[in-house]
Amino acid sequence: MRSTTLLALLALVLLYLVSGALVFRALEQPHEQQAQRELGEVREKFLRAHPCVSDQELGLLIKEVADALGGGADPETNSTSNSSHSAWDLGSAFFFSGTIITTIGYGNVALRTDAGRLFCIFYALVGIPLFGILLAGVGDRLGSSLRRGIGHIEAIFLKWHVPPELVRVLSAMLFLLIGCLLFVLTPTFVFCYMEDWSKLEAIYFVIVTLTTVGFGDYVAGADPRQDSPAYQPLVWFWILLGLAYFASVLTTIGNWLRVVSRRTRAEMGGLTAQAASWTGTVTARVTQRAGPAAPPPEKERPLLPPPPCPAQPLGRPRSPSPPKKAQPPSPPTASALDYPSENLAFIDESSDTQSERGCPLPRAPRGRRRPNPPRKPVRPRGPGRPRDKDVPV
C-alpha cells in the first residue's frame, strides 16, 4: 500500500472515530448525568432515613457492593438463601473460556485471583490461534455449503433465461439473507424468549457478540434464573457458527474488492495507453501540418543489372572484335547482355556489389534496354569496282 493511501486511510479512520465520539457523547452523556443525580438523591434519602449511618460508611458499602457485582455475585442472594447459582459452574466456566479464545471478553465476569490471571495469559496465547484455525475451516465449509445451495437456485434462474449479471447479484443477496436469517434473526427471537429481552436488546446483543465487541451489559445466561447447564455452551456454539459466517462474508467482500481493484487497474492502464497513442498521433499530425511540405516521392524505376567492370585497364585501347554473324533480335524479356569478356549470361548483381568491386555505377535508363541491331560488315571498295548509285551503302 502506498504511503499516500495509508495516510488517507488513517485520516479517514480518525475522522470516523471523532464523529463516533461526538455522537456517543451527545447521546449518552445526558443519561449519565441523570443517573448520577438519581444516585445522589437516593443516597441522601437513605442518610436522612438512617441518621446512625455516616456518609463515609455508606460510600464504603457502595464500593464493596460494586466490587462484588463485578466478581459475579448476585445482589438478590444473601447468606440465608439456599440458592445454588454460581458464576463458575461448569457451563458458565465453559462459556467464559469460550469468550477468551473468541476475543469477545464480555467483562461481566472477571478473574480475581493472581493464579487465575496468570493461567489466563497462557491460555489465551494458545487458544486464540487454535480457534482462528478452527474458525477458518468452519467458515470454509459453511460458505461452501451455502454457495452449493445457492448454486442450485442460480441454475433455476439460468433456466428461466435470467441475465448472468442479475443472477450474480441475486445469489449474493441470497447468501446474505440466508446467513442473516440463520445467525441473526432466529437467535434474536430465541433470546427474546429465553432472556425476556426486547427485540432491540436482543439484536443489540447478537450484533455486539458476532462482531466480537462484547460490552458485557447484556450476556446470555448471566441471569440467575437460567439454571440450565447446557444453555451457555449452546450459545457458544452459536457464536462459533455466527463468527464463521461473518468471516466468510468478509472474505467474500475482500475477494470482490480485490477483483474490482484489478479490473480497475487494467481498465485504467488500457485508457492510459489509448490516451498516449492518441496524443502521439495528434502531435505527429500537427507537426506535419506546421512543417514545410515534403516533396512527393519519386516514381520508382526498374533497375537493370549494371554492366560488369572491363577486364582491361582504363588507359589501354580496346582490341577490335572480329565481325559476327547477324543474329535475329531476341524478345525483350529474355535479352542477354552482350558485353566483352562475358559468357552471354544475365548479370544479377546489385549496385553495392559493383561498388565494392570498384566499378562505376551506370545510370539506369527509363525503359528496358533492347539489344543493339547487328551491323553489316563493311565491304572494302576496290579500285576497279565502281559503286552503284541505287545500292545503299
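Cβ atoms here come from the backbone N, Cα and C positions, even for glycine.
The feature signal peptide is assigned by TrEMBL to 1-20. As annotated by TrEMBL, domain 'Potassium channel' applies to 86-142, 180-258. Residues or ranges marked as transmembrane segment in TrEMBL: 90-111, 118-138, 169-190, 202-222, 234-257. Annotation comment: TrEMBL describes 285-393 as region 'Disordered'. Annotation comment: TrEMBL describes 319-332 as compositional bias 'Pro residues'. The compositional bias 'Basic residues' annotation in TrEMBL covers 365-384.
Residues 94-95, 98, 102, 104, 134-136, 138-140, 142-143, 146, 172, 175-176, 179, 182-184, 187, 206, 209-212, 220-221 of the same chain lie 6 or more positions beyond the ends of the transmembrane segment (234-257) yet place their CB under 8 Å from a CB of it.
Contact between the transmembrane segment (90-111) and the transmembrane segment (202-222) is supported by 3 or more Cβ pairs under 8 Å, counting only residues 6 or more apart in sequence.
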